[in-house]
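Annotation comment: TrEMBL describes 7-17 as compositional bias 'Basic residues'. Annotation comment: TrEMBL describes 485-496 as compositional bias 'Basic and acidic residues'. The region 'Disordered' feature in TrEMBL is assigned to 1-24, 462-496. Residues or ranges marked as transmembrane segment in TrEMBL: 56-82, 88-108, 128-151, 163-181, 193-213, 266-287, 308-332, 352-370, 390-413, 419-442, 536-555, 567-587.
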Amino acid sequence: MSGNRVSKQKPCHHCKSRSPSAPPGTATIHYEKFWLYRHCSSVQQRDMQAQKAGQLFSGLLAMNVVFLGSAFISSMIFNHVAITLADVWILLSILKVLCLCWITYYLLGTSRQPHAVLYRDSHAGPIWIRGSVLLFGSFSILLNVFQIGYSAILMQCKSRVEIVFPSIEILFICTQALFLWHHSKDCIQVQHNFTRCGLMLTIATNLLLWLLAVTNDTIHMEIESQLREVEQRFEGKAPFPHPCNESAACTCPNTTICKVFQKGYILLYPFNTEYCLVCCSVLYVMWKNVGRRISQHHIPHIKPKFKLQGVVFGPLLGIIAVIIGICIFMLYQIQATGSAPNHQVFVMYYSYYIVLLPLMSVGAVIGTIIHALEKKELDTLKNPTRSLDVVLLMGAALGQIGMSYFSIVAIVATDPRDLLNSLILSHSVLLIFQNITQNIFIIDGLHRQPFTAAINARPTGHAGEQAVPSELPGEEETTSSSNQEHTEMKEEQNHEAYDQRRVNMLELGQEIRKVSLSYIHSYSHLSWKRRALREISFFLVLCNIILWVMPTFGAHPVFENGLEKSFYGYSTWFAIVNFGLPLGVFYRMHSVGGLLEVYVTA
């Protein structure tokens, strides 16, 4: 299909300059050239060396940009006078404008050139990744809208940069989300080095935005200081505000709108960091696919589809875990929004985790043992998406594991015998073990070849299913009675409607029985290993979904219980939580995609 489509396009300057004796099929292959490797012995060797050189130079560009931005952000943290937050925003705005220029050029120029996109990576940019880009991008846009509104209300003590920076951020998020939605699968075959440098510049910009979001706690500190001042005034302990006091001048004139912007900003803050991480992963796969030529045996002829056949206990236990988790999450949110959460809510929250995490760990261990017992061949083909999935799973798990170790040290150094402290300690230990076992199970499953015996046996299954209606009782009787009623339609009009309803009910019962027999047939014909893998995978999918929902939509007991915050200090623990929490949320979301792939290929 792609060859027919490409042949209708106009030849580019590479095709015009080729030798007349070359075969016609070579017009679509453009090997890379680089000035350092002009004198290589063969075209393929020169192409490989040029590809490595292009990746090296674009990687050096990204490394220098990241180091420059990190130096600015670190200087802002340790020296507020020399480098301010506005200076960092100006640097990031310049980088975002450069990225916008390159993305616009790619959309309007590079991707529309003849033979630019000959191949598309079927594994790159799955629908759940692109959907998460749109979801987190929408929440990030709403976050910047809240930030603009909050700064506009306090315009008398805020700089104009605090309004301009979120506006450029909104434009950057919209353009990048559109770019990733339509071109995340591209294997671009023209302008290799320029495309690599543009992708690496965009990756570096997203990394710096994530780093700034992790370390910048100015608005959080401002909101907390205002809330503390309001509480002190209510208790009669705060002094009267002086007209020249900066905190008094930066108090919101309209408390209702100010509270909406403050609550919305705090609630949506993790989505921005999540958006940056997801975009970096998709852009990295695109960078690896620049100049890649996918051979025919790399393209899957039969792609496994997601079907809810052969699973019973996994969805049942997973739905129970989701329902209980939603109830606990709602109780926690009611307590957190009304006032500070009390002791019982924390006990209930951590008890839920202590019950759920061992079940997930046991399931992952059993699944890993079944993988070892299976005689499936390993998939050894080169797959950049799968390699990135493994790296992301291992790297994202470091967020929760790191936070758990920090909590363990804080609890052991204070009072581990307290009930809440012992629950937090158990939760931290179990979380580390669960992340490790689940990573082993997912990574082992991703490297297994999909099961194809069920696809080959599908016609016989359908034949057996088609034989089911002939065995159903009462079908001949219903047909004969309906024919008799048709001949005597004028005499028995009152009975016709009743018999028609009876026929419809019988047909409905036959369809239900046919579907039930088909489901039972498919379930019974699955081997116990495949059945167990599907049950475990589906159970872990639902558990990871509820463990993704709870911290994403506002349940942050690791920051609100006060233990680690009082031990490490507000700023230090804020940076640790903002580093580990988005990685933990990203890990749960990425685990869902990996587990679904394990379920489909089982």
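The backbone N, Cα and C atoms fix where each Cβ goes, glycine too.
Caution: TrEMBL annotation is automatic and unverified by curators.
Keep in mind it's a predicted model, so treat the numbers as computed, not measured.
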Stretch among 88-108, 163-181, 390-413, 419-442, 536-555 sharing the most Cβ pairs under 8 Å with the transmembrane segment (308-332): 536-555
Two-stretch contact, the transmembrane segment (567-587) and the transmembrane segment (390-413), at least three Cβ pairs under 8 Å: yes
Same-chain residue ranges lying at least 6 outside the transmembrane segment (56-82) that approach it to Cβ under 8 Å: 88, 91-92, 95, 193, 196-197, 199-201, 203-205, 207-208, 211-212, 215, 287
Intrachain residues whose Cβ lies under 8 Å of the transmembrane segment (88-108), provided they are six or more past its termini: 65, 68-69, 72-73, 76, 161-162, 164-165, 168-169, 171-172, 175-176, 178-179, 183, 195, 198, 201-202, 204-205, 208-209, 212
Segment-segment contact (the transmembrane segment (266-287); the transmembrane segment (352-370)) at 3 or more Cβ pairs under 8 Å: no
Closest-packing stretch to the transmembrane segment (352-370), where packing means Cβ pairs under 8 Å, from 128-151, 163-181, 193-213, 390-413, 536-555: 536-555
Closest-packing stretch to the transmembrane segment (419-442), where packing means Cβ pairs under 8 Å, from 128-151, 193-213, 390-413, 536-555: 390-413
Intrachain neighbours beyond the transmembrane segment (193-213), with Cβ under 8 angstroms and 6 or more residues off its ends: 32, 34, 54-55, 57-59, 61-63, 65-66, 69-70, 73, 88, 92, 95-96, 98-99, 102-103, 105-106, 110, 169, 176, 269, 272-273, 276-277, 279-280, 283-284, 286-287, 290, 578, 582
Same-chain residues near the transmembrane segment (128-151), Cβ under 8 Å, at least 6 residues beyond its ends: 158, 162-163, 166-167, 169-170, 173-174, 176-177, 180-181, 184, 219, 257-258, 260-262, 264-265, 268-269, 271-272, 274-275, 278-279, 281-282, 589, 592-593, 596
